[in-house]
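Here the structure comes first, spelled out in structure tokens, and everything after it is commentary.
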Amino acid sequence: MSRIEKMSILGVRSFGIEDKDKQIITFFSPLTILVGPNGAGKTTIIECLKYICTGDFPPGTKGNTFVHDPKVAQETDVRAQIRLQFRDVNGELIAVQRSMVCTQKSKKTEFKTLEGVITRTKHGEKVSLSSKCAEIDREMISSLGVSKAVLNNVIFCHQEDSNWPLSEGKALKQKFDEIFSATRYIKALETLRQVRQTQGQKVKEYQMELKYLKQYKEKACEIRDQITSKEAQLTSSKEIVKSYENELDPLKNRLKEIEHNLSKIMKLDNEIKALDSRKKQMEKDNSELEEKMEKVFQGTDEQLNDLYHNHQRTVREKERKLVDCHRELEKLNKESRLLNQEKSELLVEQGRLQLQADRHQEHIRARDSLIQSLATQLELDGFERGPFSERQIKNFHKLVRERQEGEAKTANQLMNDFAEKETLKQKQIDEIRDKKTGLGRIIELKSEILSKKQNELKNVKYELQQLEGSSDRILELDQELIKAERELSKAEKNSNVETLKMEVISLQNEKADLDRTLRKLDQEMEQLNHHTTTRTQMEMLTKDKADKDEQIRKIKSRHSDELTSLLGYFPNKKQLEDWLHSKSKEINQTRDRLAKLNKELASSEQNKNHINNELKRKEEQLSSYEDKLFDVCGSQDFESDLDRLKEEIEKSSKQRAMLAGATAVYSQFITQLTDENQSCCPVCQRVFQTEAELQEVISDLQSKLRLAPDKLKSTESELKKKEKRRDEMLGLVPMRQSIIDLKEKEIPELRNKLQNVNRDIQRLKNDIEEQETLLGTIMPEEESAKVCLTDVTIMERFQMELKDVERKIAQQAAKLQGIDLDRTVQQVNQEKQEKQHKLDTVSSKIELNRKLIQDQQEQIQHLKSTTNELKSEKLQISTNLQRRQQLEEQTVELSTEVQSLYREIKDAKEQVSPLETTLEKFQQEKEELINKKNTSNKIAQDKLNDIKEKVKNIHGYMKDIENYIQDGKDDYKKQKETELNKVIAQLSECEKHKEKINEDMRLMRQDIDTQKIQERWLQDNLTLRKRNEELKEVEEERKQHLKEMGQMQVLQMKSEHQKLEENIDNIKRNHNLALGRQKGYEEEIIHFKKELREPQFRDAEEKYREMMIVMRTTELVNKDLDIYYKTLDQAIMKFHSMKMEEINKIIRDLWRSTYRGQDIEYIEIRSDADENVSASDKRRNYNYRVVMLKGDTALDMRGRCSAGQKVLASLIIRLALAETFCLNCGIIALDEPTTNLDRENIESLAHALVEIIKSRSQQRNFQLLVITHDEDFVELLGRSEYVEKFYRIKKNIDQCSEIVKCSVSSLGFNVH
């Protein structure tokens, strides 16, 4: 059991904050009494115990009022510390420390808990561990061996909460639930109930899922069977396709070879036709070209080429000169651009220089204006009007410098005067301050000495106070030492360690027997569980057999009518497959016919599309040709338009020739008419009658001569256009022939073919519709039979599985034969629990005996330690008594020194006050002097700075003016203006030269145009001769193609080609049908495999088996949970009733031995089950109340009892709860237990407490703490042999709580 040994308190409530104020209390066993007046700090000790154990603050405080008030201590920070030394449930020594700090802020106090420390002593070594508050709380509850609720409400119950057993119902229920730990067990039951409900729901879900998994498993088996069948059919189909492909390859190769040869023949035929057309066109072109030419050159080709090349050289020479002129013109243009660029740059530079000149004049005006302004400000004569010469400006600068120096000198003199006055004033201030500082140091020094002397005096008085009771304490120590030695001897004599050890050995043997029995029960449980699995499997198999019988019946009833209508009877799988095979063969034949018709229809549709496309292409081609012809001709009458254009070209050629010779003729006529000897017309030889008539003819000829070159140029241009149009129309001659062929032959033939193909398509569609109708009748029968085949296959598989299940049922039945199953799992489990309970009881007894052995050994060790501590304390007190006389003399001496220091400090403070007044006056005078100095200095500096700024601006303008003159900007400006005029003159000369070159180029172009007419005639001759050569080559090539074509056997190739196409079509038709079947099989296999890969069919059998196992296991788990729930519920009820019975028994005994009234026989706690809980809610709740009984009548005490009865009842209930629940912790604290009790009940309470102590005196760990102000009550307790010392709580001269240990005998002396 755990027990507390020592506790120290510092800085808590009224306990002091200095180290010397730390109070230490050692707790006695079995009784510790704390006595003191109200407000002395008794309850604080209980609050400290509760805080150190649970971390909870007293009611009504959050911690800041729990710590010593900083305002009272006159400190900013106050630290509080509580240390407790105790032994845990294992007897190990533990020390716990909790610290707090309270900081005084401006308006409120701030509280903070510091990190706690736990120190354990193991093997003679101390191990410390810093922990957070929550961790310390858990560690304390674990070490003390009781719950936090018991610590708060039973062991260390605060005085304000001491009457909680008679509080209102809800609060009372909460307290009792926490003490009984009922909340945890109720939550455990609720969790079990919820888990059981969840598991039951899961079983239903598993059953539903199992139903679907079974269907998926059966469907997956059916799909696998179908895949196997289709894969066999696919293999056969692939072999047929392969044979067709082997036949087809050599025929395709031969057909390709023949088609290549036919293509070659077709190409030769097309080339011959093209050459014929080309030859005809070339002959026609040559004839037209000869007609267009005025005459044909009769010389050799060499002569024609020489003449043409010489003419070209002449033209090229003239063109070269034209290029040279153009190059010269480009050069002049480039030179003009450069001059224009230079002109622009010079204009920009001229503008920039003009701007600088304007700015220069502006700077001169600004400088003169600033000089006039500053001269006026400084009252300088001779500077009233500008502009100013250089000599005037130098004189101005000299005068300004003199004025600046004078102003600066005046300002410096004024500052020096002020500095002397300030130094004098500071000297006076320093003298006063030195005197004041000296007095301050004296006061501070004397105060420090005073403080030290006061502390020394306080410590000496404290030591004397501690030594006051030392003489009595030595006598007490002698008595305590004799008693301790007597108790040690008695404990060693009464020790029964050996007997307890023998009892432990006996209990260990009994425990070993129980362990063996439990192992046997475990083996029996395992065997029963194994047979339970066998029975479960038997049930599953029987259920599976019934399911399969039902499935077979359903399949037969579902398809019986349908199969009978198709076959005339209900077939088995093989019979149905044979019928399906014959029906499938019929369907395939129909499909083959349908595929052949579809292929023919597709071929006809393709042929129709081809004819439509060809017809559309021919019509578009015709439309395009007609549009092109119309764009060139302007009408559709191509031949007449071409003849008319040729006539116009001929006329234009003649006109061109006439105009070409007109210039020479008109010139000759004019020469003849102007000749004085010639006065008649050169053409008609008519004589002119008058000179005016002659001049009129000359003028007309001259006019025509001037217009002739332009008319020639216009005529040549028109002629070129017409020739170009003629060439274009000649190029369209083949297109015109194509238009005629398209209209008269090709398009009508294609339209006839299209009508024939449409008739074939309609016939094929009728045949296809007939076959599809037949197929639509057969296929539903096949599909219906296939659906039935699936279920028939499943039915046969069910029949096979049914045989297997019947075999397994027989095997499981054989396993269960000869097995005795009278004992169930529940019976064995019940017996196992009983044995386990006995084993736990024996283990607890062993542990208790070991604990008693350990307690007796520790008690003897503790008594030895107590004896040694008393001897050591006696020696220490004897030593301290020898210093008493010395301390009294020291007290008198220190008191005298303190009084003297008080007087000296007071005198010094009286001298400081007049010095402070004088110092303040001198400082104010100095401040005024500094302000005047700063003001005067600012005025002088502002004036000087203004002059400097204006002089600086004048210098800036002067610098800019000098830089302009030194850089020669004015001369540079004039130079740039001269350069600009020169560039403008050069630009004008360049433009004149360009005009002359343009005129020369115009004359050259006219001459070259005249030469081009002769060049065209020579070119036409060369073209004609070249075309004649090409015509000969075309004739030769045509003859060669005819010869090559005659060597090929065209008719035999076409016949063979037709036969090959027919053979290939037949094979392809069969091949396509085979491929269609193959593709159908592949698609069905892929479909089945894809379906098998779907989540519901993948691993369907494994999922079904696993789900069956999970469902059965969950059902067994749910049964176990139900058993455990009921067992736990019964255990909770049994524990609750047993504890309540035990508590009420103790309460009755204590009440009867304590209460002296006759109105109440005894009291007890009633716990009633909650009657308002619904039937569906199986959670158990208890409502608690305290009742008082008189005879057979029970009344609620709450609201009916007196204040004294209420206190006594609460106290007795706490004592009963402590005795019941504090098995590992024998501590209980009673704070003012005599409140509201009369003398008779106080005496009976003291008697009852003594009896409790007596009954628990064998437990060395039992500790009762009693806090009271009633010294009579203490004296009553002191009459027992268990109380020799008690603690008196009082306040010292500093109003801090102190704990003083006193003897009970002295209390009795004082009382009486």
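Note: Cβ is positioned from N, Cα and C throughout, glycine not excepted.
Residues annotated as Mg(2+) binding site in Swiss-Prot, with similarity to another entry given as evidence: THR43, GLN159. Secondary structure at GLN159 (Mg(2+) binding site), taken from DSSP and collapsed to helix, strand or coil, is helix. GLN159 (Mg(2+) binding site) has a Cβ environment of 18 other Cβ atoms inside 10 Å.
The coiled coil annotation in Swiss-Prot covers 228-359 (among others) and rests on sequence analysis. Over the coiled coil (228-359), the average per-residue pLDDT in this prediction is 77.
Residues annotated as coiled coil in Swiss-Prot, with sequence analysis given as evidence: 401-598 (among others).
Residues or ranges marked as coiled coil in Swiss-Prot: 635-673 (among others).
Here Swiss-Prot flags 635-734 as domain 'Zinc-hook'.
Here Swiss-Prot flags SER635 as phosphoserine.
Note on CYS681 (Zn(2+) binding site): other Cβ atoms within 10 Å of its Cβ, all shown chains, come to 15. According to DSSP, CYS681 (Zn(2+) binding site) sits in a coil region rather than a helix or strand. Marked as Zn(2+) binding site by Swiss-Prot: CYS681, CYS684.
Cβ neighbours within 10 Å of THR690 (phosphothreonine), excluding its own Cβ and spanning all shown chains: 8. Secondary structure from DSSP puts THR690 (phosphothreonine) in coil. Feature annotation from Swiss-Prot assigns phosphothreonine to THR690; the stated evidence is a large-scale study or a structure entry.
The coiled coil annotation in Swiss-Prot covers 706-734 (among others), and the record cites sequence analysis as its basis.
The coiled coil annotation in Swiss-Prot covers 789-1079 (among others) and rests on sequence analysis.
For LYS959 (N6-acetyllysine), no same-chain residue lying six or more positions away in sequence has a CB closer than 8 A to its CB. Per Swiss-Prot, N6-acetyllysine is recorded for LYS959, and the stated evidence type is a large-scale study or a structure entry.
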Practice task
Would you kindly give the Cα-Cα distance separating CYS681 (Zn(2+) binding site) and THR43 (Mg(2+) binding site), rounded to the nearest Å?
Solution key: 166
Fill in the blank from the handout: Whole-number Å distance separating the Cα atoms of THR690 (phosphothreonine) and CYS681 (Zn(2+) binding site) is 13
Practice task
Look up LYS959 (N6-acetyllysine) in the DSSP assignment and report helix, strand or coil.
Solution key: helix
Completion exercise
CB neighbours within 10 A of THR43 (Mg(2+) binding site), counting all protein chains shown, number 21
Problem - Inter-residue C-alpha distance, GLN159 (Mg(2+) binding site) and CYS681 (Zn(2+) binding site) (nearest angstrom) - result: 165
